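Chemist: Just dropping this structure here.
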Amino acid sequence: MGAPPTDDAAMAAALTAARDGRRGANPLVGATIRAADGRTVTGRHLGAGTAHAEVDAIAAARGAGLDLTTSTLFVTLEPCSHTGRTGPCTEAIRDAGIPEVVFALPDTTEVGGGGQILAEAGVRVRSGLRAEESAELNARWHRATAERRPFVTAKIAQSLDGKVAAADRTSQWITSAASRIHAHSLRGEVDAILIGTGTVSDDDPRLSARGEDGELLDSQPVPVVLGFSDLPAGSTLAANPATVHLRTHDVAAALRELHDRGVRHLLVEGGPRVLGAFFAADAVDEVLCYQAPVLLGPGLPSIAGLDIATLAEAVGLVPDDTDIPAVARLGPDVLLHFTTGGR
């Protein structure tokens, strides 16, 4: 057996594991457990409601027969100390008998403070290892939580020439069945979906999340409509008692209200001016663009209303390979995955 991995290598492995997770309401977090004999296992958090990275790593260590009572846990974010959909990681670590914990970055949210709790329980705690990389991995999530707003994913389904509808406003369907199935799985992961009043009038959407068989998924997002216009009386969303109608064009105000309603991951699906308003407000954290191999010529652009006069003012995007690859094939379509903040 070779030499055990260094602390730096163990945290690097945790960061790699974190990138397997799904961006959204919770941060990307990875963990490595290094046993006294040098063997290691990793864990990761795969999204809201699933085991946290520390718990996943502890389960892997037990499965591999590692002695947790002489092991060190490396984790990219300070262990949580609260009970939500899952229990506190601090309790899981303490109950496992792990004597030492090293975390990269402190958790500055209301569920932080896990390091102090562990230290008071007799666990040796260190922090700061590869902190800059951990912060960069979740830069937009940290910003969203600091601003007390949801993490915002913008979804675009467009033609190769950037149109979301033809000149006569027909749009069903530009993208393939494979793209629509993927988009419905995304809807099942978020807390709410937002569109503008114009999209309600044009498309009469349901904003539901469905499986490949067309049946409703168990978890359904809250439908949200942005804008002053009344919803058409016969529309599906007007008849849905769960629909939230935010009578404003102020993106920041809308996000504050949704956060107050418990929304932590918001999917913005358009239309063009709504997407443009969110980009203009620097309120988009992640972009999923479903690109179909068709040309529509004149028609509705996917994003409208951005006041950009020169290339230097362009909104920059960064290809993102976490969970969803930066570029993926979905039938005949291409899915592009970005975070914001480039250029």
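Yeah, the Cβs are placed from backbone N, Cα and C, and that goes for glycine too.
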Chemist: Suppose a student reads TrEMBL and sees SER171, ARG187, ASP203, LEU207, ARG210 listed for substrate. Which of GLU110, GLU120, GLU269 should they find annotated at that same site?
Modeler: GLU269
Chemist: Based on TrEMBL, name the residue from THR197, THR199, THR243 that is recorded for the same NADP(+) site as ALA157, TRP173, GLY271, PRO272, ARG273, VAL274, LEU275, GLY276, ALA277.
Modeler: THR199
Chemist: For THR199 (NADP(+) binding site) and GLU269 (substrate binding site), determine the Cα separation and express it in whole Å.
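Modeler: With distance taken Cα to Cα, GLU269 (substrate binding site) is 9 Å from THR199 (NADP(+) binding site).
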Chemist: Please identify, among the binding-site residues HIS52, ALA157, PRO272, GLY276, the one with the smallest Cα-Cα distance to LEU207 (substrate binding site).
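Modeler: That would be ALA157, nearest by Cα distance.
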Chemist: So which of the recorded positions is most packed in, judged by how many other Cβ atoms lie within 10 Å of its Cβ, out of GLU54, ASP203, GLU269?
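Modeler: In terms of Cβ crowding, the pick is GLU54.
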Chemist: So which binding-site residues out of HIS52, CYS89, ARG187, ASP203, ARG210, GLU269 end up within 10 angstroms of ALA157 (NADP(+) binding site), measuring C-alpha to C-alpha?
Modeler: GLU269
Chemist: Can you check what DSSP calls PRO272 (NADP(+) binding site), collapsed to helix, strand or coil?
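Modeler: Its secondary structure by DSSP: helix.
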Chemist: If I restrict to non-local contacts, at least six residues apart, and a C-beta distance under 8 angstroms, what lies near CYS80 (Zn(2+) binding site) in its own chain?
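Modeler: CYS80 (Zn(2+) binding site) has long-range Cβ partners HIS52, PRO88, CYS89, THR90, ASP107, VAL111, GLY112, GLY114.
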